[in-house]
Amino acid sequence: METMDTSVDLPGRWIDIEKIIKRTGPFASPSFEPDTKASPNIMNGLQNDFKVLVIGAGGLGCEILKNLALSGFRNIDVIDMDTIDISNLNRQFLFRRKDVGKSKAEVAAAFINSRITGCNVTPHKCRIQDKDEDYYRQFKIVIAGLDSIEARRWINGLLVNLVVVNDSGDIEPDTIIPLVDGGTEGFKGQARVILPKISSCFECSLDAFPPQVSYAICTIANTPRVPEHCIQWALLFGLQDATLEKPFDPKQFDNDNPDHMNWLFECAKKRAEKFNINGVTYKLTQGVAKNIIPAIASTNAIIAAACCNEVFKFCTDSSGYLNNYMMYNGLNGVYTFTFEYEIKEGCAVCGTNLVTFEIDKSNTLSTFLEKITTDSRFQFKKPSLRSNGRNLYMQGLLHQSTVPNLEKTLSELNVQEDDEITITDPALPGNLAVRMRIKYTS
């Protein structure tokens, strides 16, 4: 494909955009000042100043990239760690058969850059966690098209952390980076505008998402009973076990990599044989290791359009932006509903209060761990616990030294009424932690 001349725009390229930014309207923000021929500030902002980050270059991400580029945005970064699979081609329209096996971010960026005059999409084939805070500070707005709750929680927490509150308790407006979050599942979808520290954050509504099926860690480690326990053991402990030979770096485990998944399957199968458990299959291993979400091209198009409209409105002030959640259901016709998610008191990310958690004093730490990992408010994945300056249970290198604590009661571990337990988890970014106050029911 030939690259178009990016030195000038084609005549009439932005005629539809100009109809919005060159005249005011009933829904325009009070601060909106229409562009003039002598002072095209909004168009200059779109094309030169407003840098947008797109997270995800899959079904939703392809639509988002196309929409942003055709809306006048020229400085776009896209992050996606995945490679293109042949099953993506029916809906992820920026990819072709020759692209199978290549980076989604790199191919999508190259396609947009070659097709749309003047657009500069910079790809990054990596995890969002691989970028530091300074990288994210450069963007005017972030738009996420992710199918992972964990990743959405992480970027939400990071953007909340980037907000600076001065000594007077006031938020520094320049440190607010809005997050436009889109998600689809089959014929359903949602678009949401999150203003960190101002509106409710993603974590405030975490209990609206069904928690993933989880199992008690002590059961996985000591008394597995079903095939899923063996697969979870391979994920949680097999990858960390230095005595097990692996053809890859455990820190770089990728559930989309066939070689990595084959290793996981064989590891789980050996674990199952040890405990005389039948039923570990490659397909089941895939199902446990990753959640496969059905995708419909038309749903992606609708939600991407809604998300990009919000980005455009926010950057141009041409209309008030969404406050703050829109849901779509196309299962039996076309249905949309908009409402405001309220800030949740005691939110682990944007709240300031301790989270109160009630539990029986005789419960073991293992039971406590199981309760907080299955609680829809938190949906922890691999939590580590500290209280009174000591480690109660830790992941990683300190796992072996703290495992014995799992069978002890909270009182035996000297956790008293109203004591604070600090919980860190991979789902939370950086040094963010949940502070939990313990209340005993008996």
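Counting starts with 1 at the first residue shown.
Just so you know, glycine gets a Cβ as well, placed from its N, Cα and C.
Fair warning: this is a prediction, and the values are worked out from it, not measured in the lab.
Taken from Swiss-Prot, the feature ATP binding site covers 80-104, 128-151, and the record attributes it to similarity to another entry. The Cβ neighbour count for S87 (ATP binding site), using a 10 Å radius and every protein chain shown, is 10. Under the DSSP three-state reduction, S87 (ATP binding site) is assigned to helix.
Around the Cβ of R192 (site 'Determines specificity for NEDD8'), the same chain contributes V180, D181, G182, F202, L322, N324, Y325, M326, Y341, each under 8 angstroms and 6 or more positions distant in sequence. DSSP gives R192 (site 'Determines specificity for NEDD8') a strand state. The feature site 'Determines specificity for NEDD8' is assigned by Swiss-Prot to R192, with similarity to another entry given as support.
Residues annotated as active site, glycyl thioester intermediate in Swiss-Prot: C218.
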Notebook entry, point to check: In sequence order, what residues of the same chain, 6+ apart, have a Cβ less than 8 Å from the Cβ of D80 (ATP binding site)?
Noted result: I55, G56, A57, G58, G61, S103, K104, A105, A108, P123, H124, K125
Check: Relative to the Cβ position of G145 (ATP binding site), how many further Cβ atoms are located within 10 Å?
Finding: 27
